[in-house]
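**Q** Supplied in structure tokens, the structure appears directly below.
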Ligand SMILES: NC(=O)C1=CN([C@@H]2O[C@H](COP(=O)(O)OP(=O)(O)OC[C@H]3O[C@@H](n4cnc5c(N)ncnc54)[C@H](O)[C@@H]3O)[C@@H](O)[C@H]2O)C=CC1
Ligand SMILES: CC(=O)C(=O)O
Ligand SMILES: [Mg+2]
């Protein structure tokens with residue numbers, strides 16, 4: 001198969017979807033790999049390194065989309081890429097469709113095959129291609145939160161861990177999955193008073209077992225959230241209902257009950273955010289203030305640490321990308337339930353129910369496309 005890797009063009013996005021090691025693997029399986037010039041530069045991989053691994057370098061993004069049967073990238077296509085994507089071209093990347101009707105409609109219109117990293121799902125319900133970036137974002141959430149809690153950046157002016165004789169900060173984490181767990185570990189390690197909320201009692205039990213003594217677990221519900229936000233200094237939004245729009249657990253009215261200078265890091269922004277007042281921001285201008293509450297809502301947090309994130313992401317995506325390249329999307333999705341769940345839009349039809357629900361658009365069951373002879 002002919003594989004194309006464009007340079008990411010989202011603001012301050014320096015990750016790349018394939019490393020030189022990944023190129024070698026693809027070549028070992030008899031595939032051809034084209035990389036846009038400088039695509040790996042921000043992650044420490046030069047064009048020379050890709051050439052040495054056997055890739056061919058193309059000078060611009062148009063050339064990559066023009067030649068490739070499968071595009072592998074990191075972030076969702078942005079508006080200038082919509083028309084570069086061709087009918088029947090397989091695009092393997094994060095899409096987060098439920099947060100963007102414009103993207104959803106553009107991918108319906110171009111009739112491509114959209115296989116979303118974030119909904120590839122294992123039998124145990126884990127999301128293997130979201131996990132590594134959630135690990136990064138969860139850890140970063142506390143780092144960023146600590147920074148914006150400083151007075152000069154608009155925060156309350158409180159040190160997460162306090163100092164001897166002074167109380168530490170209160171950190172509330174809503175959602176105890178991968179992001180939530182990593183955020184809790186970091187905040188607890190710094191000495192903060194940490195509370196994790198989740199709607200899953202089994203999950204809260206697991207967390208209570210593994211977390212240190214300065215982390216408590218509380219059931220997530222409207223009453224408990226309303227109470228906890230009043231004395232939280234840092235709040236991390238970390239909920240997920242796979243593929244769907246995040247529920248708004250903190251409404252605009254509730255901001256008025258919070259302490260001035262509270263920082264909210266809504267990591268779930270890529271699925272629309274779990275705070276009503278969340279709107280996506282960039283690494284260049286990551287925060288804004290509403291009702292004296294600092295909002296940090298960067299939708300590509302791991303993009304800021306590409307040396308860590310590119311390798312973590314490609315460690316997870318490469319085995320799936322190889323299956324897709326070896327078998328073609330149809331056969332690969334017939335053979336693997338995990339990959340099949342990654343299909344969101346196929347040739348103009350939404351095949352992932354929560355995306356159709358998010359915009360009240362028609363839904364076509366994915367098996368409609370996977371029946372019959374596989375096309376390689
Ligand atoms: N902004 C960014 O750069 C990044 C954002 N993310 C996003 O972070 C979010 C969380 O991802 P993961 O931790 O991997 O998901 P996960 O599936 O591991 O965890 C989500 C947790 O939320 C819980 N949950 C669902 N509804 C809830 C509610 N009403 N109250 C409390 N908990 C609730 C679930 O029970 C689950 O434990 C996703 O939207 C993901 O896309 C992930 C990586 C980077
Ligand atoms: C998960 C995601 O959206 C990211 O890593 O940017
Ligand atoms: Mg207030």
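Placement of Cβ uses the backbone N, Cα and C atoms for every residue, glycine included.
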**Q** For the NAD(+) site that TrEMBL assigns to 134, 198, 203, 239, 240, 267, 268, 269, 270, 298, 299, 300, 301, which of the candidates 100, 112, 220, 336 is also assigned?
**A** 220
**Q** Does anything in the same chain, at least 6 positions from residue 134 (NAD(+) binding site), have a Cβ under 8 Å from its Cβ, and if so what?
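**A** Listed in sequence order: 177, 178, 179, 182, 267.
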**Q** Between residue 270 (active site, proton donor/acceptor) and residue 298 (NAD(+) binding site), how far is it from one CA atom to the other, in Å?
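**A** On Cα coordinates alone, these residues lie 8 Å apart.
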**Q** Quick check for the class: what is the C-alpha distance, in angstrom and rounded, between residue 239 (NAD(+) binding site) and residue 75 (substrate binding site)?
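**A** Between the Cα atoms of residue 239 (NAD(+) binding site) and residue 75 (substrate binding site), the distance comes to 20 Å.
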**Q** Can you tell me the CA-to-CA distance separating residue 300 (NAD(+) binding site) and residue 75 (substrate binding site), as a whole number of Å?
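**A** Checking the Cα atoms of residue 300 (NAD(+) binding site) and residue 75 (substrate binding site) gives a distance of 8 Å.
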**Q** How big is the gap, in Å, between the Cα of residue 75 (substrate binding site) and that of residue 96 (active site, proton donor/acceptor), rounded to a whole number?
**A** 9
